[in-house]
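The structure appears below as structure tokens.
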Amino acid sequence: MSDSTTIALLSGGLDSATAAALAIEAGQKVIGLSFDYGQRHRKELQAAEELAACMGLTEHHVISVNLGSWGGSSLTDLTQTVPSEGVVDGVIPNTYVPGRNTVFIAIGLSLAEARHANRLVLGVNAMDYSGYPDCRPDYLKAYQSLADLANKAGREGHGIKLWAPLMHWHKKRIVQEALRLGVPIDKTWSCYSGGDHACGICDSCRIRDAALSEAGRSDLCSKPAP
């Protein structure tokens, strides 16, 4: 692989697909990396596969890391309820999965080093998901410092950059960029509820649908089962 290769953490959702598309636009070869971590919304994995094919990714890997073994989140523990009352400032919602991004980034860095990639792109953004501790600028800054020390590439002076281009964007801007880049939004999956149809009421659906409507694309909003 060349030094113009990016590893994209591809969940199957709108944010990660847009981040991957930005890497493609920048002329990078993009390798997708997705995770089966015991999430209730497993349909996102199907979405990730379809996105990888549609977007022409160089490779796409799906890794099993069963964080559902110990639960701790409504996304991995079916006894908990996915919230639909909206994000509360200063409160970490129960959709936070303990250690998820820390684990995913570590595996992404391993793949990046093996493929001699120079970047790892993530779709995290602090504006709409400020309750998640592992989606914040200070978290990524600290992780970058660790990454530069933790692998051969970093020690040799050509470390792997953690790139979060959406970090300070609101959802409407993400939608606008996705449309500009030709991201197949209809193939992305954001719903947390775990059904075959997007519920339209979980926080993830509500934030996505509001942004799509603001961007004039209400036709792409959730269509719950009748």
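Including glycine, each Cβ sits where the backbone N, Cα and C put it.
Copied over from Swiss-Prot, here are the features:
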BINDING   Leu10, Ser11, Gly12, Gly13, Leu14, Asp15, Ser16, Ala17, Thr18, Ala19, Ala20  ATP binding site
BINDING   Cys191, Cys199, Cys202, Cys205  Zn(2+) binding site
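Using the Cβ center of Cys191, Cys199, Cys202, Cys205 for Zn(2+), the list of other same-chain residues with Cβ within 8 Å runs, in sequence order, Val82, Ser84, Ser190, Tyr192, Ser193, Ala198, Gly200, Ile201, Asp203, Ser204, Arg206, Ser222.
Here the CA atom of Ser16 (ATP binding site) lies 15 Å from the CA atom of Cys205 (Zn(2+) binding site).
Nearest neighbour of Cys199 (Zn(2+) binding site) by Cα distance, taken over the binding-site residues Leu10, Gly12, Ser16, Thr18: Gly12.
Listed in sequence order, the residues of the same chain lying 6 or more apart from Leu10 (ATP binding site) and placing their CB within less than 8 Å of its CB are Ser16, Ala17, Ala20, Gly32, Leu33, Ser34, Ala48, Leu51, Ala52, Leu57, His60. Using the Cβ center of Leu10, Ser11, Gly12, Gly13, Leu14, Asp15, Ser16, Ala17, Thr18, Ala19, Ala20 for ATP, the list of other same-chain residues with Cβ within 8 Å runs, in sequence order, Ala8, Leu51, Gly123, Thr188. There are 26 other Cβ atoms within 10 Å of the Cβ belonging to Thr18 (ATP binding site). According to DSSP, Cys205 (Zn(2+) binding site) is assigned to a helical segment. In the three-state DSSP scheme, Cys199 (Zn(2+) binding site) is classed as coil. Gly12 (ATP binding site) falls outside any helix or strand according to DSSP and counts as coil. By neighbour count, meaning other C-beta atoms within 10 Å, the densest spot among the binding-site residues Ala20, Cys202, Cys205 is Ala20.
Non-local neighbourhood of Leu14 (ATP binding site): Gly123, Ile174, Val175, Ala178, Val183, Ile185, Thr188, Ser190, Arg208, each in the same chain, at least six residues away, with C-beta under 8 Å from its C-beta.
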